[in-house]
Structures are given as C-alpha cells and as structure tokens.
Amino acid sequence: MPSKRKASPATKPESSSASRKSKRLAVEKPDPVVAPPADSDFESEIVLSTKKSTRRTKTAQNPIVACQSEISDMKAKSRAVEKAGSVVADSDFVSESNSATSSQKSTRQAAVKAEPVVDSVAESDFVEEEDETEQGNLKKSLSISPSKRKPKRVENVKDEECVLAGDPVPDAEARQKWPHRYNKGKANGTKSINGQDDSDQLTQAKCHYSRAEVDGQIYYLEDDAHVKAADGEDDYICKIVEFFEAVDGVQYFTAQWFYRAKDTVIKSHDQFIDKKRVFLSEIKDDNPIDCLVTKLKIVPVPSNATLQFKDNVKSNCDFYYDMKYLLPYSSFISLPPDATSPVSSSSTISSDIDAGEVKEHNLEKKLLDLYSGCGAMSTGLCLGANSKGVKLVTKWAVDLNPYACDSLRLNHPETQVRNEYASDFLSLLKEWVQLCVSCSLVKSTAPPHPLLEVTDEVDEEENDDEGEDSGDDKEGEIFEVDKLLEVCFGDPNKVNKPGLYFKGDVDVVCGGPPCQGISGFNRFRNKENPMQDPKNKQLDVYMDIVNFLKPRFVLMENVVDLIKFADGFLGRYALSRLVGMNYQARMGMMAAGAYGLPQFRMRVFMFGAVSSEKLPQYPLPTHKVIVRGVIPTEFESNTVAYDQGGELELKKELFLGDAISDLPSVENSEPRDEMPYTDEPKSGFQHFIRLGRDGVLGSVLYDHRPLKLNDDDYQRVCQIPKRKSANFRDLPGVRVRSDNKVEWDPAVERVKLPSGKPLVPDYAMSFVGGSSSKPFGRLWWDETVPTVVTRAEPHNQTIIHPMQDRVLTIRENARLQGFPDYYKLIGPIKERYMQVGNAVAVPVARALGYSLATSMKGLSGETPLFSLPRNFPSHEEQNCNEVSQ
C-alpha cells in the first residue's frame, strides 16, 4: 500500500468571469475565449505546507473557476503571493488545502495564509422592453480588459516522496512532442516567465519524464488522478498529460481537467446528472507533482454507447465521461464514436427508433412547434433549412391561444394545429399507445382504456355537431380516436412496420415555454427557487415532451431573464435537463437587429442535439445593430458576436424608415383588413418582405390597421409634434427640470380635453418617477425600437407613427419582427398585436434554421459560431412547405 503523505493542497482560484477579448455585435463585447472557466465562485488562498525538512509546498492550479478579468486584481494577487514566498509558475489557478493522515511519514502541519478575495463585478441587469432605465451611459463599446496571468515563483526544494521517476524522455523526442516547452530564446536557463510582463507565459522545461512517484504510487502519462482541494471540497479531477522538470528545477505535471456537473454552468442544478459522470475540458495547467493525491479510473464512453454499456462502465470505474464541456457558449459536446469500443451502433438516446430506416425513407424532416403562437419560429426555421436544401416541415403545432392557432392554420394548412395546454398534449402523447390498443389498432390483452368510456362531460368538451350520445356509438369512438391518431399511427415511412410513429419520428422540437414567474412585471417572483412557481412550470412541461418524444434536435427560445433572474436559475436548470437526457447542448444570446431588423430584441436560444448528430452552431450577425440594453455580465460571453479586431463586412443597420416607409397612409379608425399597395418598395428590406410565397411581389397588403385609440388618447396624439424625439413633454403645462424629471409649470394653467380630462395625464408625469420620455412618444424614421411588445397603447411606450396621428399598425409591427407581408393574422386587433409581439423574430429563426439544416447534413464545424453565406437570405428561396409537397 502506498505511503500517505499530507498532500499539498490545491488552492481554488479567484472567482470571476472567464478571460475575455472584446467582441463586436455592431457593438463590442467580451469574447468567450477558451480560457479558465467561470462557472463557480470560490475564495482564493495561498497555502504553505511545512515539515521538518522545511519543504516548501507547491500549489496546484485548477480550472473550476476563472481568474479575475481585471488586470489590477491579478497584479495585486501576484504581489501578495510573492511576499508570501510561495508560488506557482504560469498559473491562473492555485489549489486549497485539506488534511490527510500519514502512514509512513511524519505528519506535516499546514499553515494557511488567506489571500484577499476580490469580489467579482456584479451582474448588470438586462433592460427589458418595458423597463424604463435610460441608456445614457450605454456606449457602443462593451468591452472588458482581458485578464492577464501574473506568474508566481516556486521555491526550488526537492521532496523525496514526490519525484519524477525513471530516465528522462530523450531530448529530441521531448522537443518534438512538446516544442512549446523548449523555446530557443530561453537558452540562458531561465523560465519563460517574467514577473513584470502581463502577457501569458509558459513554463520552460529542462527535460521531460514519462512517470512520477508520489507517496510510493507511480503515475504514468495519461493516468487520471485526484488533485487535492480545500477542506470540505471534493478533490479535483484531472488527466495527466505531461511530466517535466522546469529550467529552475521545479517538478511539474500538466493536468487536463475534468468538470463535475456542479463545476460547469449548471452549478447546483446537477440533480439530473449522474454523480459519476464528469465532463472533459480543454483546460490544461502546470502543477507541482506533490498536489497529486491518488490515481483514478475514468472511462471514456463513446457517443454511440448503449445504456447497458454505460451501466456496465459505471459499475467498474470511479468516473466516466461521454462529453466535453467547453466554456464558449456553455457547450456540452459529445465525444466522437470509438470504433474499437464493444458497443452497439445505435444511439443511446434514440435506441427505441430505427434511425436508419427513418433517415432512409423519410425525405422530409418533421418539426413540432410547442407554444407556437402564430408560427413565426417554425416558419423561419423551415425557410432557413430550405435555403440549405433540407425539407423541414412543421407537421404539428401546439398553443393555448385560439386566435394564434387560427393564424397558424391559415398560413400553414399542412400543419396539424392543436389548441390546448402543452401539458394536456403531453398527457395525450402518453395515452396514444393504450388508445390504439383499446381500439384494436394493435393487439393487446389489456382491458379497454378508461378514456374511451365517454361521459356527458366528454361529450360537451368534444362539442359533437350531431348532439348525439356517443357512449354506445363504437364508430363514433373510433372516429374520435382516429382523429387523435392520424398524426402517429400507420406506416408513414413505408417500411411495412405499422406502429406508433410519432414518438421518435419528430426530428425537431422548437418552442419558447412561457416563464411568467420571472417576468419583471411579477412583483412576487420566487428568487430562491423559481421552479416552485407554477408560472414557470411550462419549462418542465417542454423538457418532459422532449424526453418523451426524443427528437434529434431541440431549439428553445426565451427572454434574457432566463439567465438574468436569480443567478440564471432557469437557464442553468434547462441546460441540466438537456444534458441529463444525454443531449449535447449550448446556449447563446442573439439580437434580432443583428440579422436585419430595426429593433434590438435580445433573446436566449438553447440548442440540443442527440449524441449521434452534429450540435448546431450559432450564425454570426449579418448587420450592424444599435444596442438598446445591457447584457447580464456573467453571460456576456454567450452573446453571439464577432471578435473585436479586424475588418468586418457587415451590412448597415436598419432603421424604421427602411422597414415601413412604403406602406399606405391610414387613419386611427382604419377599418380594412386588406388593401392594395400604393407605392413601390423603397428599400431592399421592403422589396424582400413584399415577396409572396411564389417569389413574386405581392399586390395585397394585410393587417395594416392600427389600434383605434379612444377620443382622449387620439386628441393627445394629435398634439404631439411631428418631429424626432417628440413626446408628452412637448405638451403645454409640462416643464423639464435639470435632472431630466418633469414637473408642472406653475405659469401654465392645466389644459383640459373636451371630455374634461387633462391633456397631460397624471400617469405620464409620474411614470418611472417622472424621468421617462416614453409616454405618447413619437418614433422617427432614423430610429430603431428596443423591442416590439404585445400592446399598442401609447401610455408608456414610444409607438406613435412619425408622420401620422396613430400608433404603428399590426403590419408595421409585423415588419419590425420580419414577418413576410403575405403572412396574414386572425383575430381581434389586440389579439393580432399580441401574436406579433410574442413571436420570435423571423430573420433570427431563419438563420437558426440554416444552421439546423447544416447540422442535419453533418456539415457543422467544431466551433460554436459560423458565418452565413454572403447573400443570405437568398431572394430566390421558396417557401419550405411548397418545396416539400
């Protein structure tokens, strides 16, 4: 049994966001560099371990948390380390101490010296569409100085218990394998570290070894090991990829780190992840060899492993891993299949589907749109996929709003639209097999299903046109069941195997589950556990449907509060659910304006893909954009944007005039749902959005009607000057103070409307403490909007047309969302505004659809981002559903 020394503790590194470079989204933003991770918060300390021989303990680096991004913090910590006389070379990380008993050596006492902890920058709040925080201090450049590593010297003291063993690797071989360790410019015997240099430095080697002996235990290259952590903390986990003696005599191993789920962006939401499951990182650090604690058995599991194989692996190892965790865009990526592993060729996640048959016979790719609204997200996805040559078709859609369902049916007659709760839809999915059995569509000895025992209540819900009691009408029962099963039962893939084909036959599930419990309008938000709020339960329903149907790809959209509220609770939870279901996953934020719209509208998009597929990448922006908000600091690096530096060939930003200047003039009381165009397109945007499904310019304009204002509001709007930045502050009797807050002008008598109500309402004066200029605000041609919302009342938002005395019409809002003009909406005026405001911006969905199709064809790259074709979207593309017919 190897001797037990008191292992040198590894000090957990400072807490902060990952090192960043400036990125550009038409603004600049920090870069998601492959650098020390930023997913946990720990204190940092320097630990000195002593024994009778006065051995100076080396501290180990660790990847669990990132270094501070501020250079000043790093310099201060470096000076503290140097004063302490202890050090680590080339390190962002140091390890913390823990006690261990010694069986063969005398006990070594640890003296702990705490290093000052520098608080990380507080997360900035993202400004939502109704938030009145003005953006005066928001500049076009959102950049953070990249963190710089400060080297720490290590005292050259030998330890007879921790030594590099055997003969050194031959010099020529070592220089070939690790050329970065043998810098020709460092022939004077000094390390490639300069205490005065803020740039990243690399420890230079005198020679390399293939093994080391620590406490009597031999460690070889590629061995896995525990590295000592702090009291009460789990030891760190690594793979040893290098042993070397530095030019100053210090002996190191290079660790490639593994993450536990709790050390990733998932944090405390790891209840869905097997405790033996870890994730390989690309982070590698140099650490003194006396930080090693014990050897481990960590088994790689290929992406095509069966569940039985995984169970066998888990019973014979300390840990296993089947994915990598990469910091950029919080990505969980499957390992490539290992042809030498004795595993089945079927996917671990879709082994209940004959994927080969489905792919061979199913030329169409089928999509289910959950919480579909009027269908903007699925429409854009299909258009984008079609432009890449993939026939993606929305076969099913589910939404609770009946008017939105009517709009989707009208525009997508090929789609089976269900107007019901998503949870009811899930219950129906789970009952379908038994329903088939009960109707003798498949053989079973099971008794008839209770749902077929029709009651009066069921009759009422079904709203039978004949008004007949169907309790004894077997044909009636069969008719109803057939109606439910038409999407799933039969032989749709022509493989002569009738059965339940809905499960596993869904290629893509998309949707944006509403999480009203995190809305800024909810004053009683549960900050401790948002999932206990019933208003957030749809996130669970969405993931349960994914778990039941097991689609090949998942795309979830949501507001930025998903990762802003309660330390990103719901975003972390959603990622944990996907990874727990063995989906690859990544999370990014995309601004609609960066893809050719005159609104900012930042949203979160989370991709999932089964292990056998390529995980889709995020499409880089195509347009410059005017930033209208602040991005949550911790997740800044999840913003889809360009790296700062170099020449960008982005298209110019779009403004309101580019989108709506060709539309006919209408009055506040416009009654028509259809009208002809009166002008030719005046911009490329207008020409493209007026193209019909057949690629020809349309002749009929739909939904160009404004919300009809009441008499009082209409008279107020008529008195707002027709100039840029005009609003209620321009009305008589209002005075603006030096602090930009409004007050009544005592020299002006308060003006009354014919109704007797005041021209300037009290709510306008008191909105956001009198600091807001939004009430009755008039838009201008060279402006953008922050976000298209679901309401059209001008009481607390800037929504008045630049030159007409009315609010923007349904169609004008739809254009700001990228809806083609041929997309007609159904329902009362307010309902149509709501459908548009709740929609995913069509150009964003189109770009994501192109990415999705690229993955379906196995062409996606390994990086999280890619560039769209220069001419995207092509004006010649056809409607996806027409192509599929």
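Any Cβ shown, glycine's included, is placed from N, Cα and C.
Remember, TrEMBL labels are computer predictions, not curated facts.
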Which one of 1-42, 43-84 shows up in TrEMBL as region 'Disordered'? 1-42
Excluding its own, the Cβ atoms lying within 10 Å of the Cβ of Cys515 (active site) add up to 24
What kind of secondary structure is Cys515 (active site) part of, going by DSSP in three states? coil
Please compute the mean pLDDT of the model over the domain 'BAH' (217-336). 94
Residue counts in helix (H, G, I), strand (E, B) and coil for the domain 'BAH' (217-336), per DSSP? 20 helix, 60 strand, 40 coil
